[in-house]
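Chemist: Structure provided below as structure tokens; questions to follow.
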Amino acid sequence: MSDKSPPLVGVIMGSQSDWDTMKEAAAILEQFGVAHECRVVSAHRTPDWMNEYAKDAEKRGLEVIIAGAGGAAHLPGMVAAQTVLPVLGVPVKSRALQGLDSLLSIVQMPGGVPVGTLAIGESGAKNAALLAIRILGNSRPELRTKMHEFCQNQTDTVLENSEL
Ligand SMILES: Nc1c(C(=O)O)ncn1[C@@H]1O[C@H](COP(=O)(O)O)[C@@H](O)[C@H]1O
């Protein structure tokens, strides 16, 4: 994003082909004015880069990592294994199995290595960003206020359009 402040949220994904899904997370972070970075990082294809990214994240000032991947989606879990930052996993919809493979790869972590797993696809990406902002909002009153406004607007919009 154009903001020069250091990123608080890292949005990473296994492939450029995941961007159509993961851009929903970036859009929400943009909307709330949360400094973030978006990177392609793959446990399978760029394992050394993934290790470096996960290990450096905390000292670079990141506070939450959103990791999206499809198919054999090992990225969120492998990143969570190498950082104590909260990791939110987004199962990207796969062509062969519609994302069920991605979901099961991300959600069944062994006890001791948590990944907060979201829904498959774009809703999951959007909610991952909203959850990241709720986490950041615990210590940032301005984000807490914006989250109250977001929820109120959402409710108002539904109520205004409730007559069919
Ligand atoms: N699941 C992973 C990982 C990983 O977990 O490290 N790296 C790439 N991929 C996934 O492979 C799918 C197909 O990738 P391509 O479209 O590049 O062939 C993507 O959804 C990506 O997340």
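Note: Cβ is positioned from N, Cα and C throughout, glycine not excepted.
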Chemist: For the substrate site that TrEMBL describes with S15, D18, which of these is also annotated: R39, R45?
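Modeler: Same substrate site in TrEMBL: R45.
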Chemist: Neighbour count, 10 Å Cβ-Cβ cut-off, for D18 (substrate binding site): what number do you get?
Modeler: 24
Chemist: Averaged across the domain 'PurE' (7-158), what pLDDT does the model get? Just tell me the whole number, please.
Modeler: 98
